[in-house]
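Now, the feature entries from TrEMBL:
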DOMAIN    9-394  domain 'Isopropylmalate dehydrogenase-like'
BINDING   75, 76, 77, 82, 258, 307, 308, 309, 310, 311, 312, 325  NADP(+) binding site
BINDING   77, 94, 95, 96, 97, 98, 99, 100, 109, 132  D-threo-isocitrate binding site
SITE      139  site 'Critical for catalysis'
SITE      210  site 'Critical for catalysis'
BINDING   250, 273  Mn(2+) binding site
Ligand code: NAP
Ligand code: MG
């Protein structure tokens, strides 16, 4: 069989621990036998980040700006324990945070839905993708513990020195106050990423805030979305046969529980933080959750939503059998290859990505899966495979599909 040719390279960001082991297996067994892989490789493993003073992370994000598409392995975000374990020179920042800041992106998380791993919400038939605005609000707040009686005011001093004041509360006793902010530019980038991603995946886009209560702050979010939609996206949405839908956050939550899925739910920072955890557990497993960072400039970075699966890695190092789920990492690769295929007009490459996902899903639906899914599946007569054998089983189905 001749291997599928690529035009433009992918940016490949290798990572840490068990996901680094899986990365190699996926490339060896599921990608390279079928695709003449062109990638610009960056080793974001913790040792290399330490050796390069984290320059390698910055370089990989720069390369993503050049090529447009990246696939990333899970990486360790160092804490004090990791500094000691790896003898690090510094407690390096989260690579995902660095890359997201450089690409100015929004993260879209979507569950991989398979028969036999049923969502706890019966009406959900198709994935619900969450987009979380990752700037400002309570995550960049200023807070004061109010000790006793006194007046709290919101004061804005403009560049020319003039002041705007708004009373918050006349305290007669102790309490707390909080100041939060957001930026038109950040909200607009977020909106743009959401509209672009909805078009690129042909799914409806939902957005919700509490604008009836927060008539200036949340209302600004609603307006920025509405203005951008009217100005630049309404025509393209209508042509694509998809909808933009705005409602109140509590109405959105109620509707989501009764919906079939198959749409993107754009959330303010806090809503996205909370709702993405609810969705991933309600859909079954963190190991079945994909994640893509989409920048408003049209860069895409694909990864699994889970971490480096440290506990399994230590078992692996002790020579014990592991049964680590590689599905989300496989889908990171298929997502990146499909996007590369679309951007470079290579239908064979996009088709390969579809077949790879089909082979993965049908392996599970055929009763072969890793331990995490075997424990929760509704299928009977399942075989629990170890890490490597699951990938081999997918490879076998993939060869059959491509033959
Ligand atoms: P984790 O790697 O997501 O794993 C937590 C637990 O979830 C595992 O111990 C395992 O449970 C289960 N799990 C997660 N993914 C799985 C998979 N693919 N197959 C089977 N089970 C899976 O989170 P963590 O252990 O808290 O974090 C480990 C490292 O990952 C940390 O250093 C953290 O900084 C990093 N991290 C990176 C990213 C990223 O790069 N995007 C995201 C999150 C965390 P059992 O042990 O019960 O089997
Ligand atoms: Mg959370």
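Using the three backbone atoms N, Cα and C, a Cβ is placed for every residue, glycine included.
Curation plays no part in TrEMBL annotations; they are all automatic predictions.
Projection of TrEMBL feature records onto the structure.
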residue : record                          : DSSP class
77      : NADP(+) binding site            : coil
95      : D-threo-isocitrate binding site : helix
109     : D-threo-isocitrate binding site : strand
139     : site 'Critical for catalysis'   : helix
210     : site 'Critical for catalysis'   : coil
273     : Mn(2+) binding site             : helix
308     : NADP(+) binding site            : coil
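Checking the recorded positions 95, 99, 109, 139, 210, 258 against ligand 1 with a 6 Å cutoff on the Cβ atom leaves no residue at all. Closest to residue 75 (NADP(+) binding site) in space, going by CA atoms and restricting to the binding-site residues 95, 99, 109, 273, is 95. Closest in space to residue 109 (D-threo-isocitrate binding site), of the recorded positions given as 139, 273, 312, is 273, taking the CA atom of each residue. With respect to residue 310 (NADP(+) binding site), the closest of these recorded positions in Cα terms is 95, chosen from 95, 97, 99, 139, 210.
Distance noted between the C-alpha atoms of residue 210 (site 'Critical for catalysis') and residue 97 (D-threo-isocitrate binding site) is 27 Å. A Cα-Cα distance of 19 Å separates residue 99 (D-threo-isocitrate binding site) from residue 273 (Mn(2+) binding site). Here the binding-site residues are 95, 97, and the one with the most other Cβ atoms within 10 Å of its Cβ is 95. Ligand 2 lies within reach of none of the recorded positions 97, 139, 258, 312, judged by a C-beta closer than 6 angstroms to any of its atoms. In the predicted model, the domain 'Isopropylmalate dehydrogenase-like' (9-394) shows an average pLDDT of 95. DSSP assigns residue 258 (NADP(+) binding site) to a helix in the three-state reduction.
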